[in-house]
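Undergrad: What Swiss-Prot records for 160, 161, 162, 189, 230 is NADP(+) binding site, and it gives sequence analysis as the kind of evidence.
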């Protein structure tokens with residue numbers, strides 16, 4: 001079975017669009033782009049367009065690749081103080097000379113719709129309400145719920161320990177709640193006995209950032225696999241590349257119980273959760 005993200009995302013977005021249509025003023029989403037990374041340009045354009053399509057007011061704030069930390073913090077401060085802005089995200093990756101932690105911490109936690117501020121991360125880890133969950137982990141759980149993949153008591157192997165996906169996702173899956181409450185193993189590319197552990201997992205979430213890392217020999221026939229990875233691999237097609245995930249899809253798809261494709265799996269869910277967080281932020285400010 002293919003766990004396609006597009007129909008799930010469309011359902012989430014349609015609900016948000018209907019709710020926005022009844023609001024007195026539009027939610028505002030500010031997207032900060034530093035530099036001119038081609039992939040980042042595409043992602044920013046996609047997020048701004050999606051927000052606009054839903055009835056939000058969204059704008060990309062572009063700064064050059066040699067922008068200083070002071071320049072960026074001044075922009076973020078202005079956006080923090082702008083009452084028409086309800087969500088702020090800084091597109092990553094950032095140029096290497098910049099301190100990403102300082103930039104993320106400068107965003108008001110109440111407007112941190114990417115869910116990466118230490119305050120929101122802390123609330124997530126403690127199971128406290130009122131914060132924003134990171135978009136990709138939230139999207140993964142929404143995807144699993146849509147396809148009625150049970151999590152309660154199941155062994156979930158998360159491969160990847162990033163602050164954006166692996167760590168927060170593990171924390172969310174472990175929450176003592178009927179919709180999650182999974183048994184989680186957090187792995188990475190250097191974990192010992194990786195293959196043996198993965199073969200015991202009911203659900204594998206691949207977020208290691210290495211193309212085709214998860215092979216057919218590493219998964220069982222009962223495994224449900226969520227592929228978070230997105231990498232460009234050079235080819236001779238018109239684009240000059242194809243997008244592949246962290247899972248060797250062509251060989252794994254015929255063995256596992258279910259798998260999310262790349263593209264069209266987790267990607268649409270990440271954008272949908274960003275819009276959901278922005279709408280929820282607007283509602284909090286409005287109340």
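Placement of Cβ uses the backbone N, Cα and C atoms for every residue, glycine included.
Give me the local environment of each listed feature.
TA: When secondary structure is read from DSSP and collapsed to three states, residue 162 (NADP(+) binding site) falls in the coil class.
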Undergrad: Taking only the residues the record lists as binding NADP(+), namely 160, 161, 162, 189, 230, what is the largest Cα to Cα distance between any two of them, in Å to the nearest whole number?
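TA: So the maximum pairwise Cα distance among the NADP(+) binders is 16 Å.
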Undergrad: What is the number of other Cβ atoms found within 10 Å of the Cβ of residue 230 (NADP(+) binding site)?
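TA: The answer is 18 other Cβ atoms.
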Undergrad: Looking at the binding-site residues 162, 189, which one has the fewest other Cβ atoms within 10 Å of its own Cβ?
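TA: 189, out of the binding-site residues 162, 189, has the fewest neighbouring Cβ atoms within 10 Å.
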